[in-house]
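What Swiss-Prot shows for this protein is this:
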- 37-61: DNA-binding region (DNA_BIND)
- 89-112: DNA-binding region (DNA_BIND)
- 9-61: domain 'HTH myb-type 1' (DOMAIN)
- 62-116: domain 'HTH myb-type 2' (DOMAIN)
Amino acid sequence: MERQPCREKFGLKRGPWTEEEDQKLTSYVLKNGIQGWRVIPKLAGLSRCGKSCRLRWMNYLRPDLKKGPLTEMEENQIIELHAHLGNRWSKIALHIPGRTDNEIKNYWNTHIKKKLKLLGIDPNNHQPFEHKGNVDETKIESDTKESNSQDMKQIVNEVSRQGNNDQITESTSPEIKDEIVTSCQSDYLMHNNDLMSNRSSNYYSPSFSMEESLSNPKSTGQTSFAVSIHEESMKQWVQSVDSKLPWDCFNQLDEQLYLSFQQNQSNS
C-alpha cells in the first residue's frame, strides 16, 4: 500500500515561517509531545504539512539545540565519525547532541574539508596525499626507459642499413643480440668521434696554430691582414688578365725557370 503524501493540494502554506507559527508549534509540542508529524499541523492549528513542521522543530525550535560555532572537541568527533560513516550526516548527528545533520554537513564542507586538505590529508578516505616527488621520479624513470628503447631502435636500424640485418632474427639468442648491439654501439661512437675530430681540424689552418695566436695576439691580426691583402691582389690580377691570352707561354716559362735552376745547382 502506497503512503499518501502529507501535503494536500490546496489550503497549505509555503515559504518562511512566522513568529506566530513558531509559537503555536513550540507550545503544542512542549505540552503534548511528538505524537505524529502528520497530525500535529491540524491539532496545532497550522496550515503546514507534517514534513515542514518536523524540519522546523528539529533544526530550529527544539530547546536542546546548541547555538554558536562548533567546538574543537566536536570538530574532532565529526572527523572520527566521518572516517567510519562517510557522508551519512543524519547518523553522525545522532552521536553529537545539540547539532543538526544540516549544520554538521555545512560545517564539514566549509571548514573541516579545507583544513584537512591544508594538512595533506584526503577528506574522502582520511589518508595522506601521495607525494608529488614520487610521481615525478616514476615519470623520469619511464621517460629514461623510453629514450633508451629509442636509442636501441636507432642502433638496430643502423645495423640494417649496413647490411647486417641478417645477423639479427627472431631466432637469435639474447646473448648474440647483445654482442651485436654492443659492437654497433662501439662502431657508432668511433664514427662520431672521427667526425668530431675532422670537424675540429677544419677550424685550424696548417700555417697558423691556436697556441701561436694565444702567445702572440698581434701576430693573429698581422697574419689575417696579410692573407686578406694576398687574396685581394690575386683577385685583381685574375680580373686584369686577358681571357684570350694563351696559357702555353706560362708552361714554357716554367720550363725555362726549372732549367736555369738546375744549371745553378750544378755550377754551385
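Cβ atoms are placed via backbone N, Cα and C, with glycine included.
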Sort the residues of the domain 'HTH myb-type 2' (62-116) into helix, strand and coil with DSSP and give the three counts.
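Going by DSSP assignments, the domain 'HTH myb-type 2' (62-116) contains 37 helix, 0 strand, 18 coil.
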Over the DNA-binding region (37-61), what is the model's mean pLDDT?
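Value for the DNA-binding region (37-61), mean pLDDT as a whole number: 92.
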